[in-house]
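Peer 1: Let me give you the structure first, and then I'll get to my questions.
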Amino acid sequence: MMKNILAIQSHVVYGHAGNSAAEFPMRRLGANVWPLNTVQFSNHTQYGKWTGCVMPPSHLTEIVQGIAAIDKLHTCDAVLSGYLGSAEQGEHILGIVRQVKAANPQAKYFCDPVMGHPEKGCIVAPGVAEFHVRHGLPASDIIAPNLVELEILCEHAVNNVEEAVLAARELIEQGPQIVLVKHLARAGYSRDRFEMLLVTADEVWHISRPLVDFGMRQPVGVGDVTSGLLLVKLLQGATLQEALEHVTAAVYEIMVTTKAMQEYELQVVAAQDRIAKPEHYFSATKL
């Protein structure tokens, strides 16, 4: 059975971020994606200028009520949330999660708590970080912070892999069953590798791949793709190890393709066959 994922995050008309980055790769792995956009911008904000609007929070709820009205909400296997335009949008998303789980008790909530970036600092509207700490985290089944976001969620510094595992376990005590630390950055074993951790109450998997050097301008949307692909693989029944290995390789293929084409925006269409069947392989290690 093909899995259906309600993906609630940002949308850009030009380029790739949020749903505009993750939607196609998720579909390429064989999932039905229902994109619901928290913002519609001309382009992502790292360009320094953009046009567009943040969707009214009630818009999100209205759209989902429309899906419920045609009796399709029970076919939703998971809700994925990413970039929020406001804390109030977050409250509406949690209402949507409750509504989906009422229609399908097996449905999962994957929260990508987009708040900041090791190089960019905090990048969200006031109140969003507090929303994730107080409400998003306890409501989630799976949560996928980067290092900055992990520190915000656990409310203390994380300096190495061991501390990252302990911090992830602190989050698990508050709600989620799975924590993906999607960029260990300075807390990783090696400064010249891209490292991730996948943590549950009784398992820890670590993986690393080469960093792809884009100089001063790192492509946007890598985390969005990572979260979306991990959710698809887990819904399709992959083990933690299998999911982590496939996602790491698929994202690496996108990065290598983007670099080879000398582009700044993620080249998800050009890399599509290697998203489905990566040519590289990176082995996850159980810690």
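Even glycines carry a Cβ here, placed using N, Cα and C.
Reproduced below are the annotations present in Swiss-Prot:
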- S10, T45, Q46, D224: substrate binding site (BINDING)
- D112, A144, E149, K182, R209, P210, L211, V212: ATP binding site (BINDING)
Peer 1: Nearest of the binding-site residues to T45 (substrate binding site) by CA-CA distance, picking from D112, K182, R209, V212?
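Peer 2: Result for T45 (substrate binding site): the nearest of the binding-site residues is D112.
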Peer 1: Using the structure shown, find which entry in K182, R209 (the binding-site residues) has the sparsest Cβ neighbourhood within 10 Å.
Peer 2: R209
Peer 1: State the count of C-beta atoms found within 10 angstroms of the C-beta of D224 (substrate binding site), not counting that atom itself.
Peer 2: 30
Peer 1: Provide, as an integer number of angstrom, the distance between the C-alpha atoms of S10 (substrate binding site) and R209 (ATP binding site).
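Peer 2: It is 27 Å, counting Cα to Cα.
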Peer 1: Please report the three-state DSSP label of K182 (ATP binding site).
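Peer 2: Note: K182 (ATP binding site) is coil by DSSP, not helix or strand.
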Peer 1: What whole-number value in Å do you get for the largest C-alpha pair distance within D112, A144, E149, K182, R209, P210, L211, V212, the residues recorded as binding ATP?
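Peer 2: In whole numbers, the farthest two Cα atoms are 23 Å apart.
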Peer 1: Please classify the secondary structure at S10 (substrate binding site) using three-state DSSP.
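Peer 2: Its secondary structure by DSSP: strand.
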Peer 1: Quick check for the class: what is the C-alpha distance, in angstrom and rounded, between V212 (ATP binding site) and D224 (substrate binding site)?
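Peer 2: Their Cα atoms are separated by 17 Å.
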Peer 1: In whole Å, note down how far the CA of D224 (substrate binding site) lies from the CA of E149 (ATP binding site).
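Peer 2: The separation of the Cα atoms works out to 14 Å.
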Peer 1: Round to a whole number and give the Cα-to-Cα distance in Å for the pair L211 (ATP binding site) and D224 (substrate binding site).
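Peer 2: So the Cα of D224 (substrate binding site) lies 17 Å away from that of L211 (ATP binding site).
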Peer 1: Compute the C-alpha separation of R209 (ATP binding site) from D224 (substrate binding site), stating it in Å without decimals.
Peer 2: 18
Peer 1: Between the binding-site residues S10, T45, Q46, whose Cβ has more other Cβ atoms within 10 Å than any of the rest?
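Peer 2: Going through S10, T45, Q46 one by one, the largest Cβ count within 10 Å is at S10.
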